[in-house]
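K.L.:
Under the heading disulfide bond, TrEMBL lists CYS33-CYS126, CYS80-CYS132, CYS81-CYS134. Among the features that TrEMBL reports, signal peptide is placed at 1-24.
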Amino acid sequence: MKGSHLLLCLLSVSCWLNLLPTAGNKIFHFGPCRISVSVTEIRSGFTAIKANIQARDPIRTLSILSYPHSLHKVKSLDRCCITHHLFNFYVDKVFKHCKTEDSFVNRKISSIANSFLSVKRKLGQCREQNKCMCGQESAEKFKQILANYEGLNVTSAAIKSLGELDILLDWMEKSH
C-alpha cells in the first residue's frame, strides 16, 4: 500500500513539473492555445546580432512588421492565427535568406530559427486541433505584412524582417 502512495505521489510531482515552463520559457496564450516559448533565448541570440543585422538593412524608411497597425490591436481569438502565420513566415521565408559571411551571426540566426521552428510546430498542433481559428482581421493583417515583404528583393526583405524581430517579440510579450 505504501508503494502505491509513493508511486502516486511521484507521478503527481512528475506531471506537475511537466506543466512548468523550463528556465527562460514563458507560457503564451494565443487565443485558446497555450505555447511555451523560450523568449529569453531568442532575445539573447537576437541582441547579439541586432546591430550587425540592422546595419545590413539598406532601406530604413520602410517597415515590414510595424506598418501602421500590422500587429496592433489584434483580437485575442486572432492572436493564434497571426502568430502561426508569422512563425511560418519567419521559418519558411526569412531565415532561409539570411546568410552572411560572418559565421557567428549565422550560428545565432540558426539558433533563433530552431527556436522558431519549435514554436511553429506547437502552433501547428493547435491549428490541427481546431483551437487556432483565423478571422478576417488576422488574414488582412498578415496580407499586409506579406505585401511589405514581397515589395522588396528577397535578401533585403529577409534582413529587414530579421532586424525587426524585436517588434514581434515585444508584441508577443505585450499580448502575454
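Glycine residues also receive a Cβ, built from the backbone N, Cα and C atoms like all the rest.
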K.L.:
Is any of the disulfide-bonded residues CYS80, CYS132, CYS134 within 10 Å of CYS33 (disulfide bond) (Cα-Cα), and if so, which, in sequence order?
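P.N.:
Near CYS33 (disulfide bond) by Cα: CYS80, CYS132.
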K.L.:
Starting from each candidate's C-beta and looking 10 angstroms out, tell me which of the disulfide-bonded residues CYS80, CYS134 has the most other C-beta atoms.
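P.N.:
Ranked by Cβ atoms within 10 Å, first place goes to CYS80.
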K.L.:
With the cut-off set at 10 Å between Cβ atoms, which of these disulfide-bonded residues ends up with the most neighbours? Options: CYS33, CYS81, CYS126.
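P.N.:
Of CYS33, CYS81, CYS126, the one with the most crowded Cβ is CYS81.
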K.L.:
How big is the gap, in Å, between the Cα of CYS126 (disulfide bond) and that of CYS132 (disulfide bond), rounded to a whole number?
P.N.:
6
K.L.:
Taking just the CA atoms, what is the gap between CYS80 (disulfide bond) and CYS134 (disulfide bond) in Å?
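P.N.:
Here the two Cα atoms are 8 Å apart.
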